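Marked as transmembrane segment by TrEMBL: B:6-27, B:39-57, B:63-84, B:91-111, B:139-156, B:176-209, B:221-242, B:248-270.
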Amino acid sequence: MSNRLHEPGLALHVEDLTVSYHGKPVLWDIDFDIPPGVMAAIVGPNGAGKSTLIKSVLGLIPPMAGHVTLFGRPYRAQRKRVGYVPQRSSVDWDFPTTALDVVTMGLYGQLGWLRWPGRRERRRAMEALAMVGMQDFAGRQISQLSGGQQQRVFLARALVQQADIYLLDEPMAGVDATTERAIVELLQRLRDEGRTVIVVHHDLQTVRCWFDWLLMLNVRVVAQGPVEQVWTAENLRRTYGGQIALLDGDTSITAPAGPAARASGAS
Amino acid sequence: MLGDYTLQNVVMGALLLGAISGVLGSFAMLRRQSLLGDTLSHAALPGVCLGFIMAGSREMGSLMAGALGTGAVAALMVVLLTRYSRLKTDAALGIVLSTSFALGVVLLTFIQGMNNAAQGGLNAFLFGQAAATLRSDLLLMAGITALALILVLGLWKEFKLICFDPGFARAQGLPVLLLEVVLTVMIALAVVVGLQMVGVVLMAAMVIAPAVAARQWSPRLEVMVPLAALFGMAAGVSGALISTLGRGLATGPLIIICVSGFVLVSLLLAPRRGLLWEAAFRLRQRRRLRQQQLLTRLYRQASWHGEPRRGSGRKLADDDCDPRTRRVVRQLEQRGLVGCHDRHWMLTAEGHEAAARILAQLEGRAT
């Protein structure tokens, strides 16, 4: 790959991305861009390929075709600028380790071979734990934490990397309303610092008040752009198909309002 | 007794085997690959036979090289089967294990038919023959163990991360596949160390048991791994010493029985995770909750009656003649929280305070 930058003005640029699993397309010819400094949600029904998309961006799943650049360079060259929060259910929480230790793992990639984490790493991990309000649980064995606390530990592990782009896979799954709000406020603070936050999200109720950028996905890209422009009944119907009955109760969606009318509603 | 040359060899071999299998078994267990050790050790048998056929003698080096070779093939087969077929890991491990063991037994009988005088004791690799350990074997075993320990120390944080969260490890740029291969090869090496001592059939226990026992006692990987090594070494030495008590007692199986004893004790007694410990804890907890519940009930009734400490004692004594409640009342009486007054049960001053505290705590949690 040449050293030339490809779309350096975009935090994330995905072109022609196609991913298949067992001969079935999971993502089909995906094109999308996310500008820097936004908080973006990726929404779509189950099996739409949301997690697969995140994993392909991180190079965890080899694509059949297409390419991904972050700030103009492939992921391999930008690893240190990307923070990743996997789904909480992807690991065994009975693993013999403490909350502080898990957060320190976020620094392993920067530490380099043969080096053990020392006082400096532990201090940074403590700071990250404090940011998510978990400093009192640093020495706690991770299986003794509640679901919301585990999620916050995972978040702290990404925060400690001090990345420019954060990719989060369903960080709000299975946490209570208080924790959810705390996580959102933290993510919004990151965005206000100029970082880019990309979240796989499953709760349509909250999309409009929390996010400012939206990608609607169902194997293919249905719509993308600023939330107030993309959030239309038509787009939702095209993304979720028959499941739209679930949304009909929300009058603001069915109401035939133009993008401008809703722009004032978005925070 | 320890001056005995053979015993010295056996004890040293057992120490080495305990250390390497405890350390590597911990990582295998945490990656949910405890059975990998089993498969690799059974796959070592055809390798040992092939090594013998090629070298024409029971020379340790070629036997071990053969064991390593077939172990590697077996590990590769498991990886291919899980990746390209619909088999799950356990089924793939089972198939490769039984196939290679059958192959090994066939080769073993074939060698016995060759009438080669040098074959003597080749089937000792099935259950090990610790007493036949030579100083040169020990040197090889020590070299392998040292290599494994150095690798684990050097790659500690990498191994930890790929065991806990391999996806995150890859996103961090770690060569996860390579590290997994290194771990697997090292387990195959540990199997080679154990062949002479405990044999292919029982080697799996050496990989699994010390790790399982150690996990019971510690919630930290940094403690668990050395502890597993310690358990492995202690079992090795005890087994070796016990085998000297009687004539012709097999060392290998005794080592495995010792390590199984560690597992049994750990599963039952370890704080927080032990079965008995947990049962006792739950019993204590339930008794405490019952007492608290009754205290707050009396408290509520007392405030209902407008009398600060009076509970509806007659109800407790007569209507609620459920023996469990009476037992709890008696427990509270012993603790001085409840007193009997004129056939009425009443909260004492301490009981009143305790009940108020419990309720305040419950409310504090809700906010």
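Just so you know, glycine gets a Cβ as well, placed from its N, Cα and C.
Listed by sequence, the residues of this chain that lie at least six past the ends of the transmembrane segment (B:39-57) yet keep a Cβ under 8 A from its Cβ atoms are 63-71, 73-75, 78, 93, 96-98, 100-101, 103-105, 107-108, 110-111, 116, 118-119, 122, 125-126, 184, 187-188, 191-192, 194-195, 200-201, 203-204, 207.
Using a Cβ-Cβ cut-off under 8 Å and counting only residues 6 or more beyond its ends in the same chain, the transmembrane segment (B:139-156) has close neighbours at 13, 16-17, 19-20, 23-24, 27, 60-61, 64, 179, 182, 186, 189-190, 192-193, 196, 225. A contact links the transmembrane segment (B:63-84) to the transmembrane segment (B:91-111), because at least 3 Cβ pairs that are 6 or more residues apart lie under 8 A. Taking Cβ pairs closer than 8 Å, the transmembrane segment (B:248-270) reaches residues 10, 14, 17, 127-131, 197-199, 202, 205-206, 209-210, 212-214, 216-217, 231-232, 234-236, 238-240, 242, 276-277 in its own chain, all 6 or more past its ends. Of the Cβ pairs linking the transmembrane segment (B:221-242) with the transmembrane segment (B:6-27) and spaced 6 or more residues apart, 3 or more are under 8 Å, so the two regions touch.
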